[in-house]
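Annotated in TrEMBL:
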- 9-64: domain 'HTH cro/C1-type' (DOMAIN)
- 73-106: region 'Disordered' (REGION)
- 82-101: compositional bias 'Pro residues' (COMPBIAS)
- 185-291: domain 'NACHT' (DOMAIN)
- 483-507: transmembrane segment (TRANSMEM)
- 519-541: transmembrane segment (TRANSMEM)
- 579-601: transmembrane segment (TRANSMEM)
- 621-641: transmembrane segment (TRANSMEM)
- 668-687: transmembrane segment (TRANSMEM)
- 707-732: transmembrane segment (TRANSMEM)
Amino acid sequence: MTDELGVLLRQLRKRARLTQEQLAERSTVSVRTIRRLETGRSTDHRLSTLHLLADALEVGKEERRQLTDTLGAAQQGVAVEPPEPAPAESPRPAPITPAGPPVGGLADAAASLAREVRRRWQREEGHRRVHDPFPLPVRWQPVPAELMDRPENIQRLQPGATPRGLNLNGDLRSVVETYRSIASRRLVVLGRAGSGKSVLAIKFALDLLAAPAAPARVPVIFSIGPWDPTTTTLRDLLVDRLLRDHPHLARQVPSGSTLAAALVDADLILPVLDGFDEIAEALRAAALETLNATSLPLVLTSRRDEYARAVRAVHAPLVWAAGIELTDLTVEDLASYLPRTDRLGGEGGGVGVWDAVLERLRVRDAPASTRLAEVLRTPLMVVLARTMYSEAPGKDPAELLDTARFPTASHLEEHLLAGFVPTVYRHRAPERVDAGRGQRNRDPDQAQRWLGYLAHGLIRGAHEQQDLAWWRLGQNLRLSTRVLHTVLVSALCMTMATWLVQLLAIASGHVEPAGLGPALLYGLLVGVFSGAAFGVTYFALDVFGRTAAVPSRVRLRLSAADRRAGQRPVRAFFTRFKFMLLGGSVLGIGYSWAVALVSVLDSELALSHTELMKIVLINTLLYGLIIGLTAGLVFGLLAAFEAPMDITAAATPIRLLSVNRTTAGRQLLVLVPALGLGVVLCGYAVVHLFRGLLGTLLWPLQEAVLLGAAGGLGGATSYVLAFTAWGQWLTLSRVWLPMTRRLPWDTVAFLEDAYHRGVLRQAGAVYQFRHIRLQRHLAQSYRHRHTDRAPDGAGFAREVK
């Protein structure tokens, strides 16, 4: 009875001109689930899954009702008359179409990106509860003349022309109108911390995409706090962020560049650069100079003082740009907003929880009320106060007027920041989240500790990061700890692989049993030497290669068109080859000594015996070459034949993790036979090469296969678990950090839970704390409680307990 549902869903998908893979990317529902729905193979589907699909397809109320009714009837076994198919020639119009002639498929790509951007920020607005009960009023006024360019430059007038007056006053409802009144399409938005700059940026992007006159460029919000303009151009920053947050833009265009680069080069992206003040202080002047070197239309947000200092350093504001500054909230704004957040207060003529406080704020009869009004002048502090006192039972905001507890405005702000996490993590009846799972209760103190560790890890030397990426969580540990982790993981993998191959060989009769003790010792020694070799490789890659594990957006290239993508194959090959040659050689040398030690213990010869030492030295040379060349060639070829992953990958943190897990599994399946076969073939070539020089050399096929099997299985597993982003996430973030109580065991669920509670926000493929001030407060609190040392300047935070 699910045929009707499948027919309807397939009609809606085809009308939207989406493949099953594209619908999976937009809805975060797996391709397998969509396929089962469309083919009617199962009726066991949650209503929430259908809502995710309906949101991604942007269906209307009537079509959404037909979907839910059809699902309900199918689950009850009742046939429902399917609707008339929508005409294929009348697809739903896209929310935005780039102005001007399309360049190849760029117009369609821009329209698809616009829909995705709009969908994401609508979802983010919902998580931030911007419209609950209504948006806080965000107003602005023109910035002082010294912080924006001359009017004739802003309006791009010819010499001698008289500039007209610019109306740069407005509120959140007129942000697009204000922007469109600026001929240069360059706008600077200034405001104090927490004044609503990021909310304005989101509102600007959504209103621009929803406007009847579709914009020529797709507004995309970029957090530029981590930007280093001395090493990364503005274009590269935009392209890299597009690729990270929208992996399908890694697809190649005929020119050979990525779709993301083509969109930027074709001027189809409107950058909304959020957080100029969060760039490292020493780099802000260089960043402003970089922005002044381009006439690209853009929006830039910043705190006023940090932007003003950069302007003075450069002796120029952002050229061709108008400027607005967000104003403070008034007591009347608070009186309109706060009582409506107290859902139970004031009913039936009763007294609301905010009534007494608001009365004091209106009168301002004491320093305490003046101080509180000063604190509640920004939307951030108002939201924190609302969370603590309107939504938590038994809390009285009158305590905010206690001058003994809060003698200064900063004490009040710290109180509101400190109370946010305990309030949102207070015990309550479990709520349902979108995926149908219950939101579990967590201990507020533990949640604060874990969040503090995450915030602390975002401080890297002189740079303060905002992007909380799952693949970087383990990088917060000291290098020595990460090398030790690599040694232990690799030693375990190689030991278990060696024992398994030995056991299977004995069980199959291909190897005569020589006793359990020597076999166990042999596997243990191989594991120890292998761990040391992988540890050396990891150290060399980190210190000299300057590489860190990132989510693999790769698959093996099979066509000439694919080979044009990504890093140059020859360079990629030699970069990987030299480090893996080093590690493999160390492993080969260690393996030869492991064989020698087992032979000594199993015979009456001493290790210092002349003939034995000669054999050991020859084996050291040969095994070093065999395993070193195998590792270098296999991993070098793997690097050379990598290409961007399939466009069906979605850019949410959890989806990216799932895709990377699949990629790691495929790499394992490729590496095991490749390494095994490489050992056999390289061994034959090396033995044949040195046979005349070193005397009689043997390379029995059976021993070669056993060594290749153990090396392939153990080496591939060690690489996947210790060197890939997903492997480090599994072994560090899911095992090591929880064992040391830095993170919970269910790390993924914790991050998603923090997102649903409003502590974190999603920015494409990464999480961020909902505000930089909350991040800094949590990091500072964590350092005060767990260490007296700030992060070092070597690029990694000091390890804390």
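Any Cβ shown, glycine's included, is placed from N, Cα and C.
Model confidence over the domain 'HTH cro/C1-type' (9-64) is summarised by a mean pLDDT of 72. Distant neighbours of the transmembrane segment (483-507): 474, 477, 513, 519-520, 522-524, 526-528, 530-535, 538-539, 542, 706, 709-711, 713-715, 717-718, 721-723, 731-732, 736; these residues of the same chain sit at least 6 beyond its ends, with a Cβ under 8 Å from one of its Cβ atoms. For the domain 'NACHT' (185-291), DSSP puts the residue distribution at 51 helix, 19 strand, 37 coil. Comparison of 579-601, 621-641, 707-732 by number of C-beta pairs under 8 angstroms to the transmembrane segment (668-687) places 707-732 first. Nonlocal intrachain contacts for the transmembrane segment (621-641), taken as residues 6+ away from its ends with a CB within less than 8 angstroms of a stretch CB, comprise 556-557, 563, 567, 569-570, 572-578, 580-589, 591-592, 667, 670-671, 674-675, 678-679, 682-683, 686-687, 690, 694, 697, 711, 715, 719. Cβ atoms under 8 Å from those of the transmembrane segment (579-601) belong to residues 518, 521-522, 525-526, 528-530, 532-534, 536-537, 540-541, 544-545, 607, 612, 615-616, 619-620, 622-632, 634-636 of the same chain, restricted to positions at least 6 beyond its ends.
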